[in-house]
Amino acid sequence: MSHQPHDHQRCISTALQAAEQLCGSKGVRFTELRRRVLELVWQSHRPLGAYDILDTLSREDGRRAAPPTVYRALDFLLEQGLVHRIASLNAFVGCSSPEHRHQGQFLICRNCHEATELDQQRIHRAIADSAAEHGFTVEAETVEVAGLCARCREAA
Ligand SMILES: [Zn+2]
Ligand SMILES: [Zn+2]
Ligand SMILES: [Zn+2]
């Protein structure tokens, strides 16, 4: 997916719809809070930190949102594959293909902080094969590549 100017409202509604379907088919509850948190994560293609989410929720509700409830909602979204965690930014980004399980691979722009998700079996295979050569069992695998996106490179 490239992030040229686009109708982002559509990204959001598609993601929320996909989440509803996914939760429905798995028989897990897509509560109002879970939905709201996912919507906030999807407000842009920039990964969003838990504290930003807390701040927005608190502002909207006029009282401090409880951190544990937000963390639990984020854990739920992670478990369902609806968001990925970007360790280098300690932040979360929405996944546009949650219906199939995959590991996160991201190009992260150091200037605008947009994260572009790659979903390359080749990268996954290369990691799995290399790990196997070391007798290593992969439990979690997130590839984060830092650099400059096409738009920021042009503007530079
Ligand atoms: Zn978008
Ligand atoms: Zn994904
Ligand atoms: Zn950029």
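Please read every residue number as a count from 1 along the shown chain.
Glycine too: its Cβ is placed from the backbone N, Cα and C atoms.
Over in TrEMBL, the protein carries these features:
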- C109, C112, C149, C152: Zn(2+) binding site (BINDING)
Helix, strand or coil at C109 (Zn(2+) binding site) [DSSP, three-state]: strand
Coarse DSSP state, helix versus strand versus coil, of C149 (Zn(2+) binding site): coil
Residue with minimal Cβ packing [other Cβ atoms within 10 Å] among the binding-site residues C112, C149: C112
Close in space, distant in sequence - C109 (Zn(2+) binding site), Cβ under 8 Å, 6 or more apart: A115, G147, L148, C149, C152
Remaining residues near the recorded Zn(2+) site, that is with C-beta within 8 Å of the centroid of the site residues C109, C112, C149, C152: R110, N111, H113, E114, L148, A150, R151, R153
